[in-house]
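What follows is one structure encoded as structure tokens, with my remarks underneath.
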Amino acid sequence: MGKKHQGRESSGEPLQHDPEFAGPLKNRSCTDIICFFLFVAFLAGWGVVIVFAVINGDPSRLLNPTDSRGRVCGMREYANKSLLVFFDLTRCATPKVIATGCRTPQVCVKTCPTENWFFNPASPQINSKETRAKLICQDGVDPFDTTQSVNDLVTKDKCAYYYVQSKPFGGRCIPRDISSQSVNIFNAINATLSQNQKWGPISQYAVLEALLKSMKYVMRFATLQKVAEGVFQDVKTTWWLLLIGFGVAMVVSFIWILLLRFISSFMIWFSLIAFIALSGFGSYYTLNKYLTLRKNLDNSTMSPSEFEFTANFNQIAELETTWLVLFIIIVTILIVCLFVLIFLRKRIRIAIALIGQASKAVGSIMSTLFFPVVPYLLQLVCLAVFCVVAVLLASAGKAEYRLMCSIDDCQCDGIKENETCSMDSFNASNCPGASCQFYDYVVDPNIPRLHIYNVFALFWTMFFVSAFGEMVLAGAFASWYWALNKPKDVPTFAVTASLGRTLRYHVGTLAFGSLIIAIVRMIRVLLEYIDHKVREKTDSKVVRCLMWCCKCCLWCLERFLKFINRNAYVYCAIYGKNFCVSAKNAFSLIMRNVVRVVVLDQVTDFLLFIGKMVVVGGVGVASFFIFSGEIKPVDGYLPEINYYLAPVIIITIGTFFIASAFFSVYAMAVDTLFLCFLEDCERNDGSAEKPYRMSKDLMKILEKKNKLKDE
């Protein structure tokens with residue numbers, strides 16, 4: 001590289017012509033070495049967190065219910081007892097159940113009770129084998145042990161004194177169809193409880209109300225788990241359909257990108273028209289669905305006979321409010337798109353031409369289409385590691401036991417309710433009406449810090465991998481742009497050469513840039529957490545406004561830094577300078593051409609986004625009609641699933657990421673070529689001594705030409 005180029009690094013003056021410049025420099029040195037070692041040390045620390053999580057974590061604690069003694073149902077010696085039964089579900093009728101646990105013994109069983117049963121002290125067969133055979137007792141208690149009467153087993157909470165016909169829900173046995181069984185349930189409970197003086201007078205209404213409240217709070221505890229299990233089962237059932245959906249998304253995205261290579265102008269205009277058409281159809285469909293559901297006054301309510309405590313995710317799609325919200329969102333997007341088309345139609349033509357040049361660059365270096373698979377898989381690995389570590393850390397800890405009163409006025413010497421206790425040393429005889437039961441898994445005080453470390457590791461590694469992909473593609477596309485005779489002078493292995501330069505010299509620069517974005521993202525997450533906590537304490541509009549302003553400013557800051565980083569990576573890929581110098585020079589170049597950048601570059605990104613959303617919307621709409629049963633010929637081949645929206649959402653999200661991987665190539669090509677174009681305009685003037693390096697088509701669009709003899 002000549003001295004002229006080296007001497008202007010620190011200035012903001014327009015670039016000068018350098019006859020020796022021919023694209024990305026080969027002679028360069030390692031950049032941002034300190035950040036490289038910092039990143040390596042951070043990854044080593046993440047490895048320590050992973051090892052700690054693997055050693056101390058037990059995911060089964062999160063996936064399965066736990067009995068009163070802290071044993072996980074469905075695991076190890078309880079592998080054949082996967083369901084949890086509450087001795088007295090009425091003791092769960094308090095909002096504190098989520099924080100303190102249900103104050104009644106709980107045991108693991110093979111199956112939920114299939115009949116209503118109650119202990120009747122006045123029964124002549126109170127101690128018969130038939131009565132003992134119906135008892136549900138704690139582990140280690142033999143109901144057929146004649147040394148203990150049934151009355152003792154029941155009053156000492158060793159066995160349940162009643163149970164009702166139940167159904168599994170989230171691994172827990174919950175009474176089914178209470179309203180239709182109200183009389184039977186009342187007789188079962190009232191006959192028993194009325195014999196016990198500690199309960200006093202009781203009414204049918206009180207019993208049923210207590211049960212309803214109990215199930216309400218217990219279900220809040222179990223609903224999320226139930227939905228997760230249902231979705232997981234749907235994924236297992238429809239995995240081959242999901243793979244087909246992802247395959248279709250990949251094929252459609254690839255064909256779309258391939259067509260951009262040959263008919264870019266047509267494809268962009270088709271994308272715009274198709275997006276408007278999809279938005280219009282979406283507006284019509286959601287409005288029609290809303291009006292149809294609105295005619296049914298009872299569409300969002302359930303009759304008492306239909307009161308089944310199941311996590312029916314599909315009911316969301318049957319609420320008129322859902323479709324009204326979707327209609328408003330789609331119409332808003334449609335209006336914004338129409339305004340963009342009307343007011344920026346001239347800029348759109350230039351942006352389409354720039355995309356056309358990007359398609360030629362991609363066509364000359366076809367390996368760029370497949371390279372995004374590498375960072376995409378790396379990001380999946382990072383995300384998978386984060387999820388596994390998060391689950392393991394959440395399940396790490398030791399079982400803690402607390403004193404639970406089975407009645408409201410239990411008296412214990414020196415011990416208060418909800419205090420910690422020991423299963424080995426607790427003496428129930430000194431504390432009538434109370435028991436030492438499993439409460440929760442207590443984690444080490446450092447676990448929250450490890451969670452924070454894990455979250456930050458996710459952000460840093462994800463942004464690092466994204467930056468890695470951007471720099472490699474930038475180096476490849478810059479090689480194409482600065483080749484004087486295209487495609488003859490374009491390097492044969494442009495992607496491989498750029499990959500080698502990036503890994504050998506610029507890992508530290510990638511770590512530096514991604515660290516900045518990760519810090520801002522972490523601050524945003526912490527701000528969301530603070531906002532959540534503040535909302536629990538106060539509902540002040542002033543505080544909410546301040547929090548909203550802070551979040552908005554941080555969002556804008558992150559977007560700005562990502563824009564600067566992206567261009568810094570392009571500059572670093574070309575010149576091999578460190579992050580700060582690359583960011584400064586790229587920003588100076590952009591500021592000298594700010595009008596072109598703000599309008600043209602953003603319009604180009606918008607057009608690519610529209611194309612991506614057409615692919616996502618098309619695949620998503622098709623999957624919706626298939627899984628919802630709207631397409632009758634296909635309906636007979638679909639398996640039975642719990643929530644038809646689950647595979648639709650998964651396929652749509654997967655399609656978005658797949659399409660993003662393909663369209664990110666074009667986005668990076670456009671950004672790289674645009675920055676090179678700005679530099680080309682400053683460095684050269686089209687004369688024989690300073691010829692433009694841009695393609696002839698781009699020169700024609702921008703009304704520029706090289707004054708060479710052969711032209």
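Every residue gets a Cβ built from N, Cα and C, even glycine.
Nobody curates TrEMBL annotations by hand; they come from automatic prediction.
Not measured: the values here are computed from a predicted model.
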Quick one: which of 566-590, 641-665 does TrEMBL have down as transmembrane segment?
641-665
Which bits of the chain, at least 6 residues beyond where the transmembrane segment (323-344) starts or stops, bring a Cβ under 8 A of a Cβ in it?
272, 275-276, 279-280, 282-283, 286-287, 289-290, 293, 599, 603, 606, 610
Same chain only, please: residues at least 6 beyond the ends of the transmembrane segment (33-55) with a C-beta under 8 Å from a C-beta of the stretch. Say none if there are none.
385, 388-389, 392-393, 396, 450, 453-454, 457, 460-461, 464, 507-509, 511-512, 515, 579
What residues elsewhere in the chain lie close to the transmembrane segment (641-665), defined as a C-beta under 8 angstroms and at least 6 residues from its ends?
227, 230-231, 233-235, 237-238, 241-242, 245-246, 249-250, 253-254, 256-257, 313-314, 316-317, 362, 368-369, 371-373, 376, 469, 473, 608-609, 611-612, 615-616, 619-620, 623-624, 627-629
